[in-house]
Amino acid sequence: MSHQEQLHKPNRQQFSEKQFIAFAFNYVAGFGFISVVLTMFKLGPFSYLILGLAALGILGVMLSFSRLSIICGSKAYGGSYLIAKKALGVKTITARFFTFLSGWNVSLTGPFNGLIVPAVLVLSFADIKAVKDNNGALIGLLVGGFVLFGALNFISLFGLKMNKNAILFFAIVKWVVVLGGLILGIYLIGTNHGHGFVENNTLGEHIEDLSFLKVISTTVGMLVAFAGTEDLTAITPDVKSKNIRKCFLLMFGAVTLLYLIGFVIISGISGLNGYGLDGKEKNEKAINTFGSIYFQAGGKYLGIPLLVIFGLGFLLNSLASRLGMTITTARKYVALAQDGFLPSFINEQNKHHEYHKAVWASNIMTLAVMVLMIIVPFLPNDENPGKQLVMFDAISVLVEVAIELAVLISLIQYFITYIFFFMILAKKEGSASVSWWEIASYGVSFAIITVLLFVNLFPITAWKNTNTFKLSILAAFFALGIGFFIHSEIKHKGQLVKSVECN
């Protein structure tokens, strides 16, 4: 099929409203929350402030994206890329450049989030000392993660129908494990007579000193729990719905409610923050990860078997997320290819009606990120100069840096999308029905996003080697994108290939 036929081929809508809400809920909720929630209580009762700030920031983003889905419609792939086209147009090279940059930036979130899959096996078994201290076991788990990543690449080529079935299977197991952890958390609360509610909601001896930077860094961490909002706007053409805004808002409400319930339950567990159940000194009964809940609830005989079950569920969570990322990231590349910014073959579909070459492009980018991130363990140790990190700690730092990069890219996208959104509203397009509370939420959210972005781009603490590495990686990938843009300008002589645009 020719490029033009591919470009104008009618889109097969493969998600019903209910399926999309379920897909979106599973895509956003789960992995990020259980990865960061235990760190929230280092600030005691102010942890609820962190949850509130993160939720307010993302609520405004969600409302703006859902509002823009009404203004721009849902006939074409691209999400926030289409928003940039609507705000700036494509008549000048400057407008085309910033429009492309918006689309390129949002396409980077998937590859950086995808890095977590191979490492998640290692972190899942952190409470088993024989694994944590065994380099051979750690390498084996990492290799296993890469093999699973390759298997996911193969599955993702079989189209949304196949992917939906795979994601459903992974999601069922994932939620059994996540909800099982919360139930076991309630059991641990009972065994300690609810002492954790006092321990985690007061500024006790082991709670970190409250400061502006602590609040900012912890809020950024909490944003991981809501990651993926910007990705979902890229696949709206695959959704059969007359009110995509309602779908987004229902999903956000469900995610926030789940997090609030989970937050309350976990705040009642003793032994958080790396300290034992006595709260006096670090020991083996500390709740270091979500998996520790399984480990401690299982006791002497069932602790390791339950931890293995958690590890498998945590892995399936990552597999489901990776499949979802492949779907959304591929469609971001499709939008750029349709306009000629990327090679036209990326827009081709296979017999399963999947953009298979866009899927390969997504996977190649993820592999490139993985290769570059291998540098992280070999960076100079900021804590102990001249001393190399042990393998487990090095992997932990690698995952931490990858998460920080993914959040940073998301913050950049939220910031520039808000700028474009305000430009569109200034033109009085679709703004007649915007209520005052919605406008207020945009203002509060934009302020939160702006502070989080610039404090993380230019931290006012001691500069670390990982800060230099993060900025270098961002510069490298943006340079690659600029290369594609320059090639497109030369090839198409400053004209975009005709494609579907915002209404």
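Numbers here mean position along the shown chain, with the first residue as 1.
Including glycine, each Cβ sits where the backbone N, Cα and C put it.
Taken verbatim from Swiss-Prot:
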- 20-40: transmembrane segment (TRANSMEM)
- 43-63: transmembrane segment (TRANSMEM)
- 106-126: transmembrane segment (TRANSMEM)
- 138-158: transmembrane segment (TRANSMEM)
- 166-186: transmembrane segment (TRANSMEM)
- 215-235: transmembrane segment (TRANSMEM)
- 249-269: transmembrane segment (TRANSMEM)
- 301-321: transmembrane segment (TRANSMEM)
- 359-379: transmembrane segment (TRANSMEM)
- 405-425: transmembrane segment (TRANSMEM)
- 443-463: transmembrane segment (TRANSMEM)
- 468-488: transmembrane segment (TRANSMEM)
Worksheet, complete the sentence: Note: vs the transmembrane segment (215-235), the recorded stretch with the largest number of Cβ pairs under 8 Å from 20-40, 249-269, 359-379, 443-463, 468-488 is 20-40
Item to complete: May I ask whether the transmembrane segment (20-40) has at least three C-beta pairs under 8 Å with the transmembrane segment (166-186), counting pairs 6 or more apart in sequence?
Response: yes
Worksheet entry | Residue numbers, six or more beyond the limits of the transmembrane segment (249-269), whose CB comes under 8 Å of its CB atoms | 21, 24-25, 28-29, 33, 37-38, 40-41, 47-48, 51, 55, 58-59, 62-63, 66, 182, 185-186, 188-189, 192, 194, 196-197, 200-201, 225-226, 229, 232, 287, 293
